[in-house]
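Peer 1: Here's the feature list from TrEMBL:
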type     : residues : note
TRANSMEM : 68-92    : transmembrane segment
TRANSMEM : 153-175  : transmembrane segment
TRANSMEM : 195-215  : transmembrane segment
TRANSMEM : 227-243  : transmembrane segment
TRANSMEM : 255-279  : transmembrane segment
TRANSMEM : 332-356  : transmembrane segment
TRANSMEM : 368-385  : transmembrane segment
TRANSMEM : 441-461  : transmembrane segment
TRANSMEM : 468-487  : transmembrane segment
TRANSMEM : 515-540  : transmembrane segment
DOMAIN   : 600-664  : domain 'CBS'
DOMAIN   : 697-755  : domain 'CBS'
Amino acid sequence: MVNAGDMNGSGNLMDFLDEPFPDVGTYEDFHTIDWLREKSRDTDRHRKITSKSKESIWEFIKSLLDAWSGWVVMLLIGLLAGTLAGVIDLAVDWMTDLKEGVCLPAFWYSHEQCCWTSNETTFEDRDKCPQWKKWSELLVSQSEGASAYILNYFLYIMWALCFAFLAVSLVRVFAPYACGSGIPEIKTILSGFIIRGYLGKWTLLIKTVTLVLVVSSGLSLGKEGPLVHVACCCGNFFSSLFSKYSKNEGKRREVLSAAAAAGVSVAFGAPIGGVLFSLEEVSYYFPLKTLWRSFFAALVAAFTLRSINPFGNSRLVLFYVEYHTPWYMAELFPFILLGVFGGLWGTLFIRCNIAWCRRRKTTRLGKYPVLEVIVITAITAIIAYPNPYTRRSTSELISELFNDCGALESSQLCDYINDPNMTRPVDDIPDRPAGPGVYTAMWQLALALVFKIVITIFTFGMKIPSGLFIPSMAVGAMAGRMVGIGVEQLAYHHHDWIIFRNWCRPGADCVTPGLYAMVGAAACLGGVTRMTVSLVVIMFELTGGLEYIVPLMAAAVTSKWVADAFGKEGIYEAHIHLNGYPFLDVKDEFTHRTLATDVMRPRRGEAPLSVLTQDSMTVEDVETLIKETDYNGFPVVVSKDSERLIGFAQRRELILAIKNARQRQDGVVSNSIVYFTEDPPELPPNSPHPLKLRRILNLSPFTVTDHTPMETVVDIFRKLGLRQCLVTRSGRLLGIITKKDVLRHMAQMANQDPESIMFN
């Protein structure tokens, strides 16, 4: 195997012209970048700046500005991502409440803000104030009764349909790439794939607006995943302002990795979790410099969000909890059971959702995205309204499920029977049997759980922005709260059992149902996404529950083990494969005993490899070869007889070089000889002017021998981010292996359809 060294001349590709022309070194849409080439070009650029900085003060200042440009981009990304997240949070609060009523003194206030300003609100009825009017009170002057309920029900459905229709229409007309979570595509882009327009300005604008609409409509989706896409759009916009990033796709991806961290930072108020999420789940190439910059971007984004204070509690975290009871070793068993539930739910969700999305792609259902969104929204609104736990926003539901039952809680979940005259033995736990409200809440939660599990399968993947973090957490939180209440009542009614006798201090609460909800939420999110480290950090940053790391870790690891037993893919990897993106996952293992010769093209019976010769082809020959094939590049050999390899020429650069030579160089015509050699021979006086293309030739393409194990080839592609690799024997060219060939071979070895890999 011959190692690739420096990419020869990649920093100054077009020296044969007076000035470099546009688009050199850029890539076609839906193609993979060459990481080695991008790295080499950046090294050349940096070397040039360093040498020039010693020439004058101005050049030295320019070199300093270049060095600081990365930090400036991070600052701008953090400020914009934090501002957009704050605006989205405030708008969602207002529009969610708009479905139920309006604040008369100031219509732009949400229900909570409206009642903050009221002097006539009592603590017991803190959600009721004369300033806030339900639609039935405004329209028919009735707040209670069947007619008021039906009118409120009808208007709730109408508002939901209106928001959803507006969202899907905006996405369809202005920015088709604004749909979905965005994380599968971000992962693919960060691995080196080009999807033009996916991180564009229109996508940013439409995704921000439609995200508010779809979350407010009450659909079973979250805003957290799409916020990563929004932050990456901000990153792409600001990196295009600096030539250091706009002209180098590899450097641009370092910025996008940091932007993804800022996105999670503002989505959950979890800056450290954001950095770890980018490192563990999203990024493909994550050098130490990117880690520091991600940390800075996440910090600025979190600080900006805290300044806006969208939650009105002067805290950055979304679901702040304050538990007064420690957890006990015996509770690890129900925590692990919740982990098993999370893994099973993750497996069920991924399989059902992928099956539904595949059906959407392959049947007529995919031709009616607007109708699909309207139908799912109508079903969601009709079933959600009667149940108080599905009517409210999912974030509010999770917040209530996480809460501990203090003396001031008015929730149904805290309707315990307290009898101050009841006598207690010294070694007994506080006697708090569940009241009728708790039993009613349990039934409603069970129904809400079944509804959420089913409706989320059909909602995720529609042609609207849709995140999966919050619905997954809601499923886990509902299951966890019910388990927590069950364990709590078991401990109350059987306090003399040996397991309960050992853990309870006199006069203390033994079981905190809210903690079980938190652990269940982590387990279900882990089961769907297969995150571990970043998940635990996000959960404790999200809730402030630092001392509950061990239960969270136990549940996250268990859910991953259980889910991995049924299939290694998380939801994002499953959607990447469904869309046929060329994503070579670092987590995939290749253990088959095949060789490079088994995978390379051309195979037996196929046409020979299309190659260029170093000094015997005319401009017309090269143009004909380019027209008749659609390959990304061509190996250059000494001659077709010897097939001794010289280098590799990119298709795009050949086209640009010939086009510009015809425009700017006199004497270059169709029968001009193309030379890839250092010094072309002397030509007869009447012969046409030769075209020298040595400068666009990569003289050190990556090569392997035909007996190199595919395990090694896969590792090379994964770690170096190659587009293609040439196969040789004793310096003679035998064939070529592209990233697409590697992915198709891996799919074939795993008994999957190799034709599902659509892009190169």
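Backbone N, Cα and C define each Cβ position, glycine as well.
Just so you know, TrEMBL annotations are computer predictions that nobody has curated.
Help me see these features in their spatial surroundings.
Peer 2: For the transmembrane segment (153-175), the residues of the chain that approach it from at least six positions outside its boundaries are 95, 98-100, 135, 200, 202-203, 205-207, 209-210, 213-214, 216-219, 369-370, 373-374, 377-378, 380-382, 385-386, 391, 462-465, judged by C-beta separation under 8 angstroms.
With a cut-off of 8 Å between Cβ atoms, the residues of this chain six or more beyond the transmembrane segment (332-356) that come close are 453, 456-458, 460-461, 472, 475-476, 479-480, 483-484, 487, 516, 519-520, 522-530, 551, 554-567, 569-571, 574-575, 578.
Taking Cβ pairs closer than 8 Å, the transmembrane segment (441-461) reaches residues 180-181, 219-221, 345, 348-349, 352-353, 356-357, 360, 376, 379-380, 383-384, 387-390, 397, 411-413, 415, 468, 471-472, 474-475, 478-479, 481-482, 485, 571, 575 in its own chain, all 6 or more past its ends.
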Peer 1: Counting only residues 6+ away from its ends, which parts of the chain sit with a Cβ under 8 Å from the transmembrane segment (227-243)?
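Peer 2: Long-range Cβ neighbours of the transmembrane segment (227-243): 69, 72-73, 76-77, 80-81, 84-85, 88, 181-183, 185-186, 189, 199-201, 203-204, 207-208, 211, 251-252, 255-256, 258-260, 262-264, 266-267, 282, 301, 465, 467.
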Peer 1: How many of the residues that make up the domain 'CBS' (697-755) does DSSP mark as helix, as strand and as coil?
Peer 2: 24 helix, 19 strand, 16 coil
Peer 1: With Cβ-Cβ distances below 8 Å as the criterion, list the same-chain residues six or more beyond the ends of the transmembrane segment (255-279) that contact it, or say none.
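Peer 2: Residues 70, 73-74, 77-78, 81-82, 84-86, 186, 189-190, 199, 223-225, 227-232, 234-236, 238-239, 245, 285-286, 290-291, 293-302, 304-306, 315-318, 469, 531, 533-534, 537-538, 541-542.
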Peer 1: What residues in the same chain, six or more past the boundaries of the transmembrane segment (68-92), come closer than 8 Å to it by Cβ-Cβ distance?
Peer 2: 208, 211-212, 215-216, 223, 227, 230-231, 234-235, 238-239, 241-242, 244-245, 255, 258-259, 262-263, 265-267, 289, 293, 296-305, 307-311, 393
Peer 1: DSSP says what for the domain 'CBS' (600-664): how many helix, strand, coil residues?
Peer 2: 24 helix, 17 strand, 24 coil
Peer 1: When you scan the chain for residues with a C-beta under 8 Å from the transmembrane segment (368-385), skipping those not six or more beyond its ends, what do you find?
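Peer 2: Same-chain residues near the transmembrane segment (368-385) but 6 or more away: 153, 156-157, 160-161, 164-165, 167-169, 172, 217-220, 360, 391, 451, 455, 458-459, 462-464.
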